[in-house]
C-alpha cells in the first residue's frame, strides 16, 4: 500500500495547511490589535508609572475645557507638578527653565473665520548638553527671525478637554507622558544632547488655538522636530497617526511596541480624515518635521464621559510613554544637520523654521514588534523594477518550456512525430483557464451585494459589531468561491487550474501594482505598499508553477507513451472516466479478438491507433523504436495523465509565498481601518464607503486561496457557509448599539438672551435621535422640530430641537453679575467712526471667556479685524481672502470685555448679525438640559458636544 504524502496537493494537506496559516495569522493579528502590551515591572530611571496614573486621575476628575473653571484648576496642578519635578532633579539652573506663558496671544484666520486667542500654555525647556548657546532669549528677535542651527525637539500635549468629556485619553495620557518625559530627561544620565521643549498647551479642542499661541512665543523657533501626543478614543494602543518624512519616522523604530501604518497618514494627507491635531500647526505653519502619536479607538467614547480613567489602563499609558521616550531620545541625540535648513533658504518673517527637506516615507509595523520604514522613492523604484522584470522573466520561462517541449499551457494536442499524424494526443491545456476570473467575480459580487444589503436594511450594525460584518463577508466570499471552483473542478478536472489561477492573480496584482506606482509617484500616496509584496509573492509562486512544468514529460514523449497503450490518449471532458472504466466488465479470454489488449482484462488497445501507426510506418519506413518509458505516477483523479510526473509538494511553497504576507499586511490595514471607520457613520460619514472598503479588503485577503480552494472537501466550506448564514441573519436583525458601543448624539442649547427663549438641540442618526428626544421629560408634550443640519459634514444626520430646561450658567455665578435674567448674561455696544465703513464692537459676557461675532449670511463680511491688545504678526492674516463672517474671541480672564474694530467694503451695507457668548462648564449643574440628557438617555446612547460651547446665548446687532 502506497504511503500517503503529507505534503501532496490533495484535500487533507491543503485543508490543514491553508486553514492553519489563515487561522494562526488572523488570531495573531487580532491579539496584537486588541491587546495592549503589559507595562514592565521595572521602568527606566526617572519614570514613575504610579505617579503618572495618579496625575491622570487628578487632572480628569472633572470636565476641563478652556472655557471652564476646572481648566484653571488643572493648570494650577500642572504648574505645581512641573515645579516639583524640576526641584527634585539634579539637572536645574540654566539647564531647565519653566515658562508660565500668560502673555502670548494670536489673531489668525481660517476660511471666513477670524480667531483671537489668548494662550495659557506651560512650557519647559531642557537645554541640550551639546547646545552651548542660550536657547531662550525673548528680547533678541521676533518669532520667525532667529539664528539657524541644528535645532531641538518639541514634545506637545494639550491639557484642555472637551466640555462633554473628562479627557483621560484626549489628552490626559499625553499630558502625563509629558510630565514623565520631564522627569526622565532631567535625570543627569538621560540629559539629551539637543534641547527638548516640553509644551502643555491649552485650547487645542476649540481650534488648535494653543499651538497657535505657542507660535507667538520666541521659544517656538528653537525646535526643528516635534512629537505630538494626542488621543481620539479611550485606551488601547497608541498608533503613529502620521509623519512628515522618512528621516523623522526612523526614530520611532526604537519603540518597543511600534503600532503604525502609513495608510492613516495618507488618510490625513488626502483629507479623508476630517479631524485635526496640533500636528497641522507645527508642520504646515511652523515648518517643523515630526510625527503624531495618538490613541484612535473606540471612537464611540471619544469626547464623551466615557473618556475617563475607568476606560483606559496603565498599559495604555506605558504604550504611549515608551514610544515617546524612544522617539524623543532618538531625535534629541541626533547631532547631524539633517534637520537644519541652509542659509540660502532663510527668509525673514516667513514664520517657518528652516528645517531642511525630508523624503516621503513608507512605514508599517509587523505584529507590534518590528517597524519597517523606507523612502517612498525606494518603493517606486521597486515597483517599476518588478513591473518590468517579472513579465520578462515569465516570458523567458515560457520560451524555455517551449524549447524543452514541456509547455502544456494552452496546449490542445501533442504529436508523436509531426502534425501530420492522423490521431494527435489531446492534452486539454486550455481546461481551467477561465475559472478563476469567473469564480473571483462571482464571489466579489456577492460580498459587494451584501454591502449594499446592509446599507439598505441595517447600515449601523457595524457600529457595534464590526467583526460580525467581517465574518459575514469573509465566509460569504470563501463559501461562494469554493462552490463554483470545486464544481468546475469536479466537472472538468485540470492539473493546470492552480497555475492558471496564479496567472490571473499575477495579471490582477500587476494592474494593482501599476495603479499604486502611479499614485506613489504622482500623488505621494504610500498606502498601497502592500501591493508591492502582494505582487512579489504571487510572482514567485507563479515562477514555481513554471518550474514545476519542467518536471513534466515532453509532449512528444507523452504522445508516444500514450500511443503505446500504456496510458490513455485522452480523457473525456468529465472527470469520471477512471471510475466509469473500472465499472465496465472485463473482456473474457474467450472473447479475445485481434484488437484485444495484450494486458488481459484491460479494454485499452492499439486498435484506435492502427490508422496512425500505419501512416507513421509508411512515413518512417517501418523503423523499429524502443518503447518510451515514463515513470508516471497516478495523477489526481480526473486530471491529465502527464501531471503524474509533477512534484506534489510545490503547492505548499506557493501557499507560503502568497498567503502569509498578504494576510499580515492587508490584515493589519483592515484592522486599522476597522478601528478608524466603523463608528464614523454616527458622525455623518457614509456607511456605504465603509462597507465597500470591507468588501474590497475581504477580496484582497482571500484571493490567495483561489489557486488551492478547489481541493477543499465539503466539510470546511459547509461550516463556513453556516457561519455566513448566521452572521447575515444577525447583521440584518440585531440592534446596532449597545451599552459598550453607545450611539453619540450631539448637544447644544441656544438662548435668545433678549427674550429668554431657549431651544435645546440633539443631533444624531435619523430614526434614532427622534426616539431619544421623545423620551426626555422636557420634550414630552412639546413640539419637536427635526431638520437636516446646516453643517456640510453632518448632512447624513438629523437635528431635533425643542424648548428645553432653562440654563443657569450666570445666575449661579453671582460673583460675576448681579443680574439674574438672561439679558444680563451678555452686554455689547457699537461705536461708529466718522468713516462710513468702520465700527468698534465692545463685547462682555458674564462667567465666560469665549464669545463670537457672527455676520448675517447676506453680507459679504468684514475685510479687517483688530482686537484691542492683540499683537500683530506678519505670519498670521487676521482676515482671509474672502473676508470674515465670524469672529471668535477667547480671553484668559473671566468676564473680560473685548473691543473689536471692524471694517467692511464701502459699497456694502452695514453689517448685522448675532453676538454670541459660550458657556461650556457642565460640572456644577448649571446646564440642567445637558444633565437631563445625560440622565435620561437610553443605555445605548451617550451625549457629546457639537461645538465649542454647550450653551450659546445670543443677541442680535445692527451697526
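Keep in mind that glycine also has a Cβ here, set from the backbone N, Cα and C atoms.
Cross-referencing 224, 257, 303 against the Zn(2+) 2 binding annotation in Swiss-Prot, which names 170, 205, picks out 303. Checking the ranges 570-590, 591-611, 612-632, 717-737 against Swiss-Prot, the transmembrane segment annotation falls on 717-737. Check Swiss-Prot against the ranges 338-358, 401-421, 464-484 and you find transmembrane segment recorded for 464-484. Both residue 423 and residue 943 carry topological domain labels in Swiss-Prot, but the labels differ, so the record puts them on opposite sides of the membrane.
For the ranges 379-399, 547-567, 757-777, the feature annotated in Swiss-Prot as transmembrane segment maps to 379-399.
Beyond the ends of the transmembrane segment (689-709), by six or more residues, the same chain brings 14, 18, 22, 436, 439-440, 443-444, 447-448, 450-452, 454-455, 459, 462, 469-470, 473-474, 477-478, 481-482, 485-486, 497-499, 501-502, 504-505, 508, 530, 534, 537-538, 541, 651, 654-655, 658-659, 662-663, 666-667, 669-670, 673-674, 677-678, 680-681 to within a C-beta distance below 8 angstroms of the stretch. Taking DSSP states H, G and I as helix and E and B as strand, the topological domain 'Cytoplasmic' (710-716) has 4 helix, 0 strand, 3 coil.
Take the mean position of the Cβ atoms of 158, 170, 230, the recorded Zn(2+) 1 site; other residues of that chain with a Cβ within 8 Å of it are 157, 167, 171, 174, 204, 205, 229, 231, 232, 277, 278, 294. The transmembrane segment (525-545) makes no contact with the transmembrane segment (717-737), as judged by fewer than three Cβ pairs under 8 Å among residues 6 or more apart in sequence. By the count of Cβ pairs under 8 Å, the stretch nearest in packing to the transmembrane segment (499-519) among 379-399, 433-453, 717-737 is 379-399. In this chain, the transmembrane segment (464-484) touches the transmembrane segment (433-453); three or more CB pairs sit within less than 8 A of each other, excluding pairs fewer than 6 residues apart. Packing around residue 158 (Zn(2+) 1 binding site) is summarised by its Cβ count: 30 other Cβ atoms lie within 10 angstroms of its Cβ, all protein chains included.
DSSP assigns residue 205 (Zn(2+) 2 binding site) to a helical segment in the three-state reduction.
Within its own chain, the transmembrane segment (379-399) has Cβ neighbours under 8 Å at 362, 407, 409, 506, 510, 513-514, 516-517, 520-521, 526, 529, 531-532, 535-536, 539, 542-543, 546-547, counting only residues six or more beyond its boundaries.
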